[in-house]
Amino acid sequence: MFHIGRLSTVDLEEEITPEEVKSFLHQLFFFLKMRTNKTLLLDYDNSENQLFLEEERRMSHMGFRCLEITRWVICGLIGFLTGLIACMIDIAVEKLAGYKYLAVKQNIEKYTELGGLSISLILWAVLNSAFVMLGSLAVAFLEPIAAGSGIPQIKCFLNGVKIPRVVRLKTLVIKVFGVICSVAGGLAVGKEGPMIHSGAVVAAGVSQGRSTSLKKDFKIFEYFRRDTEKRDFVSAGAAAGVSAAFGAPVGGVLFSLEEGASFWNQLLTWRIFFASMVSTFTLNFFLSIYHGKPGQLSSPGLINFGRFDSDVSSVFIVFRGVLGALFNIINYWLTIFRIRYIHRPCLQVMEAMLVAAVTATVSFAMIYFSNDCQPLGQDNTEEYPLQLFCADGEYNSMATAFFNTPERSVRSLFHNPPGTYNPVTLGVFTLAYFALAVWTYGLTVSAGVFIPSLLIGAAWGRLFGILLSFIASSQSIWADPGKYALIGAAAQLGGIVRMTLSLTVILVEATGNVTYGFPIMLVLMTAKIVGDYFIEGLYDVHIKLQSVPFLHWDAPPTSHWLTAREVMSSPVTCFNRVEKVGRIVDVLSNTSTNHNGFPVVSDTTENDEPGKICGLILRSQLIVLLKHKVFVERASSRLSQRKLQLKDFRDAYPRFPPIQSIHVSQDERECMMDLTEFMNPTPYTVPQETSLPRVFKLFRALGLRHLVVVDNENRVVGLVTRKDLARYHVGKDGLEELHLAQT
């Protein structure tokens, strides 16, 4: 039982309004979820114990040069494999979607003359539902972490939060299979977000030189088997995924820096750029072979926006941050509804199939009732033109947007000549697709939000361009509507995900024209400013819904009045330099605390006062020591001849065995364990009076997992972790903290 305290800005002795109660309960829901979350954290601060220092000091200058070369080789492998996966996804989606649309097109043409188009509708809905059912079944029952785009999870990983199973081989397989089924199933999704997740999984696996899922160790890259090195390679994998999706190597680097990576260094920039370049080249090379044009590496990536001519010197800036904020707000409450009521796998699969069927029904109805007929030209680029009720030599313009993959629809909105769409068609399509995209994102399928956002923005951007030409007295002064489609697409995507610099470069690289850099940047900045006034970006919203201790760039404003004394957790479980094995086993087996870091102190005094800090040791290190029976008595009696090395810890990484799997006899419990050689003798410490922003900066800049708080005599008085910092956030009335005190 818990006694609910109060918010720091609310006095319970005063009268509380219903709005304050609602806000309090809402915060309580997320706080309790976070405190009971079993999510672990990553150790991005190397433990510089004696074993580590001895290995580093033995290594020559040439050894370090070889390690640096190996890092470049690994980044090249990451880019190559990510490009191959992107190529496979692109070909599979193209083939499956082509077969589906061809079958539905032939059926529609048949029953347009004979009557009974309802059969065509049923066929379309069944095919969509079948594809989506396969992808959703795989995600819901085999690997739920493969749902969505995966970008929020990768952001958490790079921030220092260990999301379970996020970089497993099984996750990659289900992710690739799921996104193929989702896109082929006609959902309002894209395959670009999952490509980022796929690249990250590839990086996490390749850099370790083994597969823990397949239980196969290639005995290579063993030096990189720690969280710090894996983090850098995962950053490269995420950038390679962006590069393969959009053909934007520089944009991939900037995406990894702006949206993904929480820690950065200059050397990492060039390695990530190299991985992105290799990824783009690999994709284009194999796609050119597949299309029978070897050597013609003209396709920028999975999304080929084509090249725009640069005849527009200025583009009118459209404010669409509000529309992006509306998308995020609706999706936020829809996701909360799913968390509460649609949490069983069978219900999740049924919802995904329902959305697929509704998407087909809405698309068919829009095409059926549309009378926007356009002539088929000699240079017609429509992939699946539908005549339906149009005259001979004409096609239904609404079908160009709905009866196609989202990528091809975006291209048609960008490049089709003026007059291809009428305003009513674009307006109805924008509203319908906006609703479908909001409903779709968050389903238990592998799917991204990049392309749906671009498609929505391209539609209303082109509509805006057409309306401008109607309003103006002279139509010649206005640019091609396709230019407004590009700017609208950028504004819509920026309003949803709040990317600025990286998205600008991605679109510039994808279009092949730097002329649009300034207007795109201006629109993205405006969309971000307007959208941030209402709600956070979509990825930040879903990170919040996962209730993980994610640390943003800066500490909450007005938090200088808090010190480490108020933030820290105490009392702290500490170990002595030479500790009894039985006590170590009991502490590690205590499921109520489940601590992962323990200060090592000098022997406590007779008054049971805390000892002076001597070092810090991790749960994973203690488990390896217990597994290998590194006891003082065994060393003195020469029962253990081999000295424990760093290789023993790397072999156990990252899936350290649970304490319950390690057998310790009653006699062994009485033995002693010397932690001096294995603990980090120089952990980061702060005085009790250190302000919260300073503590926050240490965590954020150094990638800390634990920060020891000491008094004036260097005695341990508390320990700060990410969950302690995550309690504080900015509310409507300023800095707020939710107190939970056990009675």
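Each Cβ is built from the backbone N, Cα and C atoms, and glycine gets one as well.
Note: TrEMBL annotation is automatic and uncurated.
The domain 'FHA' feature in TrEMBL is assigned to 2-58.
The domain 'CBS' feature in TrEMBL is assigned to 679-737. Summed and averaged per residue, pLDDT over the domain 'CBS' (679-737) gives 87.
Long-range contacts of the transmembrane segment (69-93) within its own chain (CB-CB distance under 8 A, at least 6 residues past either end) are made by residues 172, 176, 179-180, 183-184, 191, 195, 198-199, 202-203, 206-207, 221, 223-224, 232-233, 236-237, 240-241, 243-245, 271-272, 274-283, 285-287, 290, 301-302, 405. Taken from TrEMBL, the feature transmembrane segment applies to 69-93 (among others).
Residues or ranges marked as transmembrane segment by TrEMBL: 121-142 (among others). Cβ atoms under 8 Å from those of the transmembrane segment (121-142) belong to residues 96, 100, 103-104, 107, 170, 174, 177-182, 184-187, 345-346, 348-349, 352-353, 355-357, 359-361, 363-364, 443-446 of the same chain, restricted to positions at least 6 beyond its ends.
The feature transmembrane segment is assigned by TrEMBL to 172-190 (among others).
The feature transmembrane segment is assigned by TrEMBL to 233-257 (among others).
Only residues 6 or more beyond the boundaries of the transmembrane segment (269-292), in the same chain, are considered here, and those with a CB under 8 A from a CB of the stretch are 71-72, 75-76, 78-80, 82-84, 86-87, 90-91, 199, 203, 232, 235-237, 239-244, 247-250, 252-253, 256-257, 298-302. TrEMBL lists 269-292 (among others) with the feature transmembrane segment.
The transmembrane segment feature in TrEMBL is assigned to 312-334 (among others).
Using a Cβ-Cβ cut-off under 8 Å and counting only residues 6 or more beyond its ends in the same chain, the transmembrane segment (346-369) has close neighbours at 117, 120-121, 124-125, 127-129, 131-133, 135-137, 140, 185-188, 338, 386, 388, 396, 398-399, 402-403, 428-429, 432, 436, 439-440, 443-445. Marked as transmembrane segment by TrEMBL: 346-369 (among others).
The transmembrane segment feature in TrEMBL is assigned to 424-443 (among others).
If you look up TrEMBL, you'll see 449-472 (among others) marked as transmembrane segment.
Annotated transmembrane segment per TrEMBL: 484-508 (among others), in sequence order.
Residues annotated as transmembrane segment in TrEMBL: 514-535 (among others).
The stretch in closest packing with the transmembrane segment (484-508), judged by the count of Cβ pairs under 8 Å and taken from 172-190, 424-443, 449-472, is 449-472. Counting residue by residue with DSSP, the domain 'CBS' (679-737) contains 15 helix, 23 strand, 21 coil.
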